[in-house]
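To keep things clear, I will list the structure first and then write my remarks on it.
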Amino acid sequence: MEREPAKLLILYATQTGNALDAAERIGREAERRGCAASVRSIDDFDASSLSHEDTVIFVVSTTGQGDTPDSMKSFWKYLLQRNIAKNWLEGVHYAVFGLGDSGYQKYNFVAKKLDRRISDLGATAVVERGLGDDQHPSGYEGALDPWMSSLWNMLYQINPKFFPNGPDFVISDTKLINQPKFQITYHEIDKVDLQSSSAPGLDHVQMQTGRARSMSPGKVSHIKNIPDCFLKMIKNQPLCRAGCGKDVRHFEFEFVSTIIEYGVGDVLEVLPGQDPAAVDAFLQCCNLNPESLITVHPIGMESRHRDAEGNDYKVPIKLKTFVELTMDIASASPRRYFFEARMLKRLFRIALLVLSLENGRKDVFWKMILVMSYFATAEHEKERLQYFASPEGRDDLYQYNQKERRNVLEVLEDFPSVQMPFEWLVQLVPPLKTRAFSISSSPSAHPNQVHLTVNVVSWTTPFKRKRTGLCSTWLAGLDPQDGVYIPAWFRKGSLPPPPPSIPLVLIGPGTGCAPFRGFVEERAIQDMSGSAAPIMLFFGCRNQENDFLYKDFWLSHAQNSGPLSVARGGGFYVAFSRDQPQKVYVQHKMREQSQRVWNLLVEGASIYVAGSSTKMPSDVMSALEEIISKEAGVSRETAVLQLRRLEKDGRYHVEAWS
């Protein structure tokens, strides 16, 4: 009996969705070469059945300082069981591709430790693990492309049945463009039970949000589809002086559904609302009826009434609601697959020409242009798109897209004759992702509330287009009186809550101070029932008058034997970087207080660092190395080893963001 064709299982673990995008791309590239592939979230896979698989591709991201994504925690815990035999995975072939940021000390740590563990359990690596780097000019794709090329060749050597026509054969038939992975079913209003869709208030919002997110092709894991709770904003307070060029807000929310128990150092994820005008423009641009009642499900699941979470695929939702809650139409750039055109037979030669001229450096946007040219009906638009895709138009394309960071809506508005079927838009438009913020409150100090400190993001493109951050701008524009229900998720951050007996050295410039506001509040509460250990806090901002965030709060806790008071052995030190000719940053203030920092470390203090992931974390670490070397009278090399020991002992924590 002839053996079935070989099939790839691709498991992804993602926190923000990038690993999902990478996994889907690997799956598409495999299928284009004639190899069947299944792409699944790692939390949708039974870890105990891993030994029964033939070949598994892992695509995993690293979060925070070497942390596993939430969706991977159970899988990883299973792999670490001591009773698993050393040869448990003997006969299984695997490959690992990681997504990380080399700006972090534990770069791609999750991919590295997964690779080691799978190998230790007896599995055989197909290729050396690939490590994508956000710092690369092309992002993680700079490493993904050559890694995939090696993967296909090695898989073919292991088992030619993976690619019946060889690893270099690529399906270019246009039939692939008629095969989206998701199906849209339209329902007649008079045949639909509308009782659930008319439910009032919070119940209605909960129902719609859960239903839409569960049907979305862009869901990153089963954990995050249904919100943990809903919040209502009760305070929206600017923290910077008006007109200073920065806008940082203090937001306070109260629970209006389930009350979630969280700790200081935890992270809140928020699903942002989208500009109604942008949603309406997208619907109009794509000739979509906002009132249509639809269900969305993967091809082949027509007979299934429920997904893995028990959500009913047969309960329709308004098309406009689905777009609002699942499709990022006006802030994110189009996904790479939106750009890909290799499937277009009549343009395949052009694609190969551009690829060869680019010498392997793939400009992702020209691929979108080719796809759009397939759907364009206006000849002048088709010609312009094909010019963009040609070598002659390469520079103009770079100016049009990359420098201006155009989003999906803007691109579609520029080419109105391009009419993609909604099935493809659902699959290709970037998913609307949650945004994560460090919590800046203590639940002990604010029962039934959670606070955030948020920088309202805005910038200007080279052609003077104003861009704003979707979530921060949306939050800043909310009026607490409007009573908007905000979908939210809670998760552990990279800063574990410290015991009250442990002294703390906190370094948090800018909005990096956010989690430390919660730390100080918590320790002030702990002081009421006993003498808690002191805190040294180093804060940094540009100007004392413009962006001294939470000035009164810090100063009040630095007096009267508060947790930040010098009298208690702590202290509060501020670096105003632009209030004098020379720049002064937190690391300079740390060196000024070298002896006091060292004294707390000797007393068993833990160090916490939060803020920008650019130079700050490394500059702070360098300052600490100097302090240890100077005060302990040891070499710089020994000081480095001592800092590593602190990290290993759980006394050095970093939470940084780009």
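A Cβ is built for glycine as well, from the same backbone N, Cα and C atoms used for every other residue.
Feature annotations, reproduced from TrEMBL:
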type	residues	note
DOMAIN	8-152	domain 'Flavodoxin-like'
BINDING	Thr14, Gln15, Thr16, Gly17, Asn18, Ala19, Ser61, Thr62, Thr63, Gly64, Asp134	FMN binding site
DOMAIN	226-498	domain 'FAD-binding FR-type'
BINDING	Arg405, Arg435, Ala436, Phe437, Ser438, Gly469, Leu470, Cys471, Ser472, Trp657	FAD binding site
BINDING	Thr511, Ser577, Arg578, Lys583, Val584, Tyr585, Val586, Gln587, Asp619	NADP(+) binding site
Residue counts (helix, strand, coil, in that order) that DSSP gives for the domain 'Flavodoxin-like' (8-152): 58 helix, 35 strand, 52 coil
For Val584 (NADP(+) binding site): intrachain residues, at least 6 apart, with Cβ closer than 8 Å: Ala575, Phe576, Ser577
Integer Å distance between the CA atoms belonging to Thr511 (NADP(+) binding site) and Ser472 (FAD binding site): 13
Lowest local Cβ density among Asn18, Ser61, Ser438, Ser472, Thr511, which the record lists as binding-site residues, within 10 Å: Asn18
Rounded to the nearest Å - Cα separation of Thr511 (NADP(+) binding site) and Thr63 (FMN binding site): 19
C-alpha spacing of Thr16 (FMN binding site) relative to Ala436 (FAD binding site), in angstrom: 9
Proximal but sequence-remote residues of the same chain as Val586 (NADP(+) binding site) (Cβ under 8 Å, at least 6 apart): Ile507, Pro509, Phe538, Phe539, Gly540, Ala575, Met616, Val620
CB contacts for Thr14 (FMN binding site) [other CB atoms within 10 A, all chains]: 26
Largest tally of Cβ atoms lying within 10 Å of a Cβ, found at which of the binding-site residues Thr16, Thr63: Thr63
Cβ neighbour count within 10 Å of Arg405 (FAD binding site): 15
Surrounding CB atoms that lie within 10 Å of the CB of Ala436 (FAD binding site), all protein chains: 17
FMN binding residues Thr14, Gln15, Thr16, Gly17, Asn18, Ala19, Ser61, Thr62, Thr63, Gly64, Asp134: largest Cα-Cα distance, in Å and rounded to whole number: 15
